[in-house]
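In what follows, a single structure is set out as structure tokens and then discussed.
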Amino acid sequence: MEDSQMDTSSPTESSSEVNFTAEEDKSQETRSAAGVCYCGKERNLNIVELLCATCSRWVHETCVSYQLGKGKLLPFITNYVFVCKNCSASGLESFRKSQATISQMCHCAIANMQQAASRDGRRQIQFSKDKEIIPYIEQYWEAMTTMPRRLTQSWYSTVQRSLVKDVQTLFTYEEHAEHGAMYGLFHQDLRIIKPNYESMSKSGALRLTDDGYTQASLSKNNRQKRKFPGTDSGPTGKKGRPSSDITANVKLPPHGYPLEHPFNKDGYRYILAEPDPHAPFRQEFDESSDWAGKPIPGWLYRILVPHSVLLALHDRAPQLKISEDRLAVTGERGYCMVRATHSVNRGCWYFEVTIEEMPDGAATRLGWGREYGNLQAPLGYDKFGYSWRSRKGTKFTESHGKHYSDAYVEGDTLGFLIELPEEASLDYLPNTFKDRPLVKFKSHLYYEDKDKITETLKNLHILQGSRIEFFKNGQSQGVAFEDIYAGSYFPAISIHKSATVSVNFGPAFKYPEVLVEHKAKGMHDRVEELITEQCLADTLYLTEHDGRLRLDNMGL
């Protein structure tokens, strides 16, 4: 019974699993020139590479932020759908491996053995079914397919049928006097092995939408109710088990941050990381199998800098509800806080907040806060924040409230301006965190950084000439705070009970005249600045530690 379920495709279907045509050969060189990895380096057949279903870019596995797991994939597999971060509206990759046919597994096994021989300086293009192909599939079964490993050997006969059936389309055959039946690849160029997305698309098994999602079209008898993002645990098969079909929906994270992620709490902060293509010994690490199950050196990665200013998903109290576009937040019960993704440490900056809903008993404290501000308290509770309260217009810092303005209410649009004079003696480059440990959470890597609250409090100093000013519906309410502590400040929102506010980080402000009058920048301008600063900081770290960043220093 097992045997009959494993490979029932026709010769035509099998040969289309990997797209080999005359047109493919002619156009391969053109496409490969345009389809290099994020890192800019050429293809490397010794490691896993994934083909984007949208742009046909080949991406090295170790340049993918999504942690696929060392040893859990093989080069030359074709049973997957991958969307690169450049084609995804979320800014993060999506990947789904499907169940492979025995024909695909044979093809993958032969290709890997051929490449291994070439890497060792040998030329071997044909392999024994019994002595090499079947043992290879048995060894790497889980890396090739999502299909459960077979408990009997009945699938051996399926291998034989698949190889014979696809001779002259996928495989070559030769009878050897000593070794018996020998099989090789009909197309010797391993660079053209890839998923046949075109065939999947034509058959309805794959559909690419504008925002990079990949999903199947459902038949009339198999339509599902629409589900909202984050409410679906994935498609299921018989008996409610997760489906591994290529037609399954691929769930993408919203706006460049994983749906499931660690929160900053209990004295630790977590910073999303991505592979650093400029790190030394990157290729040696990529091709090494010795790192399976071992800690990855932090300097091989870098901080993933957000490409837009939004409310942070990880840097918030978990009970706060963030909208899908990450530009609105709703509170629940007592005061708690969320910070934005970007901070500022010098210059004059501005953002706006609109009070969307303010039920009876609800309140907000809005303003600017630093990274160590308590997320389970109102902004202005400690020395790390400066806030403006909706009730009575009170201003707060260090839990001391002073009258500042009239109250603000539902429908008001508030402006928040901060001015931080530059200090010549300070280094404003951001931390690289490359010396911090990397922790894995739900297939993504994060730098883990311990809070240094005591040390930070000890080193607080006043920044002369600094100020914070608040605006209501375009009108200044006066300077709220002067000579505040120096440091990096985030737009911060704290909410009591079920109030809802929306944020506007620019460029289309409701009251743009505030920027002109005060020569301020909108928070949206901070994006390119931070990308440049982070790149420079990473480069300086690698330069300063040149010669000391070695894989053999890590115990290999």
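Cβ from N, Cα, C; glycine included.
Record features (Swiss-Prot):
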| type | residues | note |
| --- | --- | --- |
| BINDING | Cys37, Cys39, His60, Cys63 | Zn(2+) 1 binding site |
| BINDING | Cys52, Cys55, Cys84, Cys87 | Zn(2+) 2 binding site |
| COMPBIAS | 1-19 | compositional bias 'Polar residues' |
| DOMAIN | 288-510 | domain 'B30.2/SPRY' |
| REGION | 1-27 | region 'Disordered' |
| REGION | 216-251 | region 'Disordered' |
| ZN_FING | 34-90 | zinc finger |
Counting across all protein chains present, how many other Cβ atoms fall within 10 Å of the Cβ of Cys87 (Zn(2+) 2 binding site)?
18
Spatial neighbour of Cys63 (Zn(2+) 1 binding site) that is closest, considering only the binding-site residues Cys52, Cys55, Cys84, Cys87 and their CA atoms:
Cys84
Which one of these binding-site residues has the most other Cβ atoms within 10 Å of its own Cβ: Cys37, Cys52, Cys55, Cys63, Cys84?
Cys84
What same-chain residues, at least 6 away in sequence, bring their CB to under 8 Å of the CB of His60 (Zn(2+) 1 binding site)?
Cys37, Cys39, Lys41, Asn44, Ile47, Val48, Glu49, Asp286
With DSSP as the reference, give the number of residues of the zinc finger (34-90) in helix, strand and coil.
4 helix, 11 strand, 42 coil
If you draw a 10 Å sphere around the Cβ of Cys39 (Zn(2+) 1 binding site), how many other Cβ atoms fall inside it, taking every protein chain shown into account?
16
Determine which residues of the same chain, besides Cys37, Cys39, His60, Cys63, have their CB within 8 A of the center of the CB atoms at the recorded Zn(2+) 1 site, and list them by sequence.
Tyr38, Gly40, Lys41, Val59, Thr62, Val64, Pro275, Pro277
